[in-house]
Each structure stands twice: as C-alpha cells, then as structure tokens.
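I have a structure here, written as structure tokens, and I will follow up with some questions on it.
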Amino acid sequence: RDNVEWSEEQEASAKSKVQENSSQLLPPDKQEEYEVNAKRYWDDFYKIHENGFFKDRHWLFTEFPELAPNRNPSQNEDSVREHSYKEESNNAGLGSCENGHCSLETRAENQLNLIKSTPTFCTEELAPQKRSEVNQSYGDYPGSSASYRILEVGCGAGNTVFPILQTNNDPGLFVYCCDFSTTAVDLVQNNAEYDSSRCFAFVHDLCNDQSPFPMPDESLDVVILIFVLSAILPEKMQCIVNRLSRLLKPGGMILLRDYGRYDLAQLRFKKGQCLSDNFYVRGDGTRVYFFTQDELDDLFTRAGLEKIQNLVDRRLQVNRGKQMTMYRVWIQCKYQKPAAPQP
Ligand SMILES: C[S@@+](CC[C@H](N)C(=O)[O-])C[C@H]1O[C@@H](n2cnc3c(N)ncnc32)[C@H](O)[C@@H]1O
C-alpha cells in the first residue's frame with residue numbers, strides 16, 4: 001500500500017483538482033494580511049494545539065541518521081514499533097486532518113521509493129564585510145564548546161528536538177531550535193526535557209534577514225527543516241536557504257522533509273484558499289506550499305549545496321467512508337555544503 005505507483009490518470013485527476021481550486025486567487029490585500037500576520041496565526045495554532053498536533057517522530061533517525069550518527073540502529077526499535085502501532089490505529093481513513101492541517105505522518109517506518117520526478121535573489125542581505133564583522137563578535141556563544149551542532153528551524157513545539165536530545169547521547173552534541181512563534185518557543189523552553197546545557201531555543205523570524213542567529217557562519221553540522229519551508233512565502237525561500245547554507249560547516253548538511261505537489265492536503269483545498277501557484281491558506285490563517293523535487297533542487301543548488309538525496313515518498317491513503325483514494329506526497333532532501341578545498 002505504500003509507495004504505490006502514480007498513473008497518468010491519477011496525475012491528470014490531481015492536476016484538474018488543483019486547476020479547479022486555484023482558479024480564483026485571493027485578492028492582494030488579503031494576501032498581504034496573511035503575510036503580515038503570519039506569526040500571529042501560528043501563535044494561535046500553538047495556543048490551541050500546544051504540542052498535541054504534530055506527532056513525535058522516532059522514524060527521524062532511520063531517515064536522517066545524521067541526527068544521531070553514533071546511534072546503534074537497533075536502539076530505538078521498541079519505541080519505533082510501539083509508535084508505529086499507535087499511528088496505524090489512529091489512522092482510520094483521513095480522520096487525522098483538521099482545519100486543513102493533516103497530521104504529517106501515517107506510519108512510523110518509512111520504506112522509501114525513488115520516483116522520478118525562478119528563484120528570487122535577495123537584495124537585502126548583509127554585505128560580506130559586514131557579515132565577517134558580525135562573525136568576529138561571536139566569541140563565546142551558546143553551544144560554542146560543542147563538537148556537533150544541529151539547528152532545527154521552525155521547530156514548533158519541539159517534536160523533533162526532544163527525540164534528538166533523547167536519542168543522540170554524544171556528549172559533544174548541542175541542539176539549537178527556533179521558530180517565529182513565541183508560543184511555540186515557550187512550549188519548548190517549558191518542556192520538562194529542556195536542558196539548557198544541551199540545547200538553546202530562540203525566537204527567530206526566517207523572513208527577517210536582518211535578524212541575527214546566535215551562532216557564527218560555518219558552525220553547524222546539520223540544519224533540519226521539517227514541514228517549515230512550505231509555510232514561507234515562495235519569493236522569500238531562496239534568501240532563507242542561502243542564509244541557512246552559510247551557517248553550515250563545509251561538509252555540513254541541510255535535511256528537509258516537506259509537502260510534495262498533489263499531496264492530499266493540496267487537493268482538499270477549496271476554491272478561494274489559493275494565494276498563488278501551489279500556495280494556499282488554511283482555515284486558521286496558516287499557509288502551505290506544495291513542492292516539486294526540481295524546485296527544491298534549485299533552491300539548494302543555487303545556495304551552493306550539493307545533492308545527496310532528493311526523493312518522493314508517496315503513500316496511498318484510503319478513505320473507506322467516502323470510497324476515495326488519495327495520496328500523501330512528501331519530499332525528502334539532503335544537500336551538503338562542499339568540503340573546503342584542500343590547500
Ligand atoms: C507545519 S509547522 C511544522 C513544525 C515542526 N517543524 C514540526 O514538524 O512539528 C511549520 C512551523 O514553521 C513555523 N514558521 C512559519 N513561518 C516561519 C518563519 N517565517 N520563521 C520561523 N518559523 C516559521 C511555524 O511557526 C510552525 O511552527
């Protein structure tokens with residue numbers, strides 16, 4: 001049932017659903033309103049759901065072993081199995097979608113399938129000289145003495161960060177995480193597992209390219225983006241990826257999992273919710289973009305990174321009640337900063 005092939009018929013039917021739901025775009029003043037108030041809509045989301053909506057993801061480590069390189073692969077088998085069972089039994093039909101948010105995973109174990117599948121340049125970035133002045137001022141920063149540094153961007157309530165802290169017991173590990181929602185960052189900081197000697201949660205708006213990061217350029221081993229880039233206005237994505245790529249050490253990696261084109265969440269939008277091509281607003285004011293593999297490849301390669309992985313994970317989801325078949329479509333990417341040239 002997983003990773004099923006996607007026929008031309010299915011592609012055509014998805015395309016026509018998208019044509020239909022994007023035939024009428026929201027007017028510019030409404031578009032502007034969702035951009036200006038984006039943080040408030042996500043704050044409201046976390047006030048309602050706290051950390052109950054997005055599930056913990058122990059599968060992370062099978063897909064992204066970079067998050068816990070020293071982990072023994074059998075280490076989490078029990079919790080993964082238990083987790084998988086829980087998710088399967090929760091997953092009757094499409095019941096896990098609410099207000100346009102679909103819970104992000106249907107199964108904990110991932111069997112992956114490789115299916116084949118105009119950016120804007122930033123004008124307001126800091127000039128290289130200015131950046132180097134900023135970098136020189138870092139000195140002692142949170143996590144400065146660590147040997148392996150991970151940053152999770154758009155961390156929400158911490159459903160990725162806490163599994164990383166539990167699973168990766170490298171004493172040299174330090175995990176940063178940020179979100180522009182102060183409500184989300186409060187949830188992380190107030191979590192009983194938050195340990196300031198191993199992690200640092202901070203408020204950061206990715207769309208504000210003047211807002212500094214608490215660590216210098218070339219200091220991170222891993223940057224992780226889980227269903228986050230899709231929440232950003234498409235015109236702003238390139239600038240964000242460029243900035244994140246500068247934070248990576250040579251050899252460091254950006255890991256991403258996000259919504260793919262024609263995911264069931266895209267097909268379920270109604271007319272009047274489309275902001276621009278493949279970008280929609282949910283009933284609660286939060287927004288979502290649906291990527292193709294090529295778009296993500298462009299974003300990362302233009303930021304100077306090299307492809308390690310770029311795949312589609314497509315799963316059949318059957319709604320028995322409505323006799324409808326739909327697909328979850330996720331894209332998973334790993335892009336690496338080239339190692340420094342040998343002298
Ligand atoms: C779909 S949620 C995913 C949350 C989390 N990564 C997870 O998987 O549970 C998208 C997240 O991106 C955050 N976000 C959206 N726009 C942002 C921005 N401009 N800067 C920082 N975070 C942002 C939201 O607050 C939200 O927590």
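Note that the numbers count up from 1, one per residue, in the order the chain is shown.
Using the three backbone atoms N, Cα and C, a Cβ is placed for every residue, glycine included.
Just lifted these from TrEMBL, have a look:
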{"type": "COMPBIAS", "residues": "1-11", "note": "compositional bias 'Acidic residues'"}
{"type": "COMPBIAS", "residues": "78-89", "note": "compositional bias 'Basic and acidic residues'"}
{"type": "DOMAIN", "residues": "151-254", "note": "domain 'Methyltransferase type 12'"}
{"type": "REGION", "residues": "1-31", "note": "region 'Disordered'"}
{"type": "REGION", "residues": "67-92", "note": "region 'Disordered'"}
Same chain only, please: residues at least 6 beyond the ends of the region 'Disordered' (1-31) with a C-beta under 8 Å from a C-beta of the stretch. Say none if there are none.
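Residues 107, 111-113, 115, 262, 266-267, 269-278, 280-281, 313-316, 318, 327 contact the region 'Disordered' (1-31) from elsewhere in the chain.
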Tell me, roughly as an integer, the mean pLDDT over the domain 'Methyltransferase type 12' (151-254).
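Summing pLDDT over the domain 'Methyltransferase type 12' (151-254) and dividing by its length gives 97.
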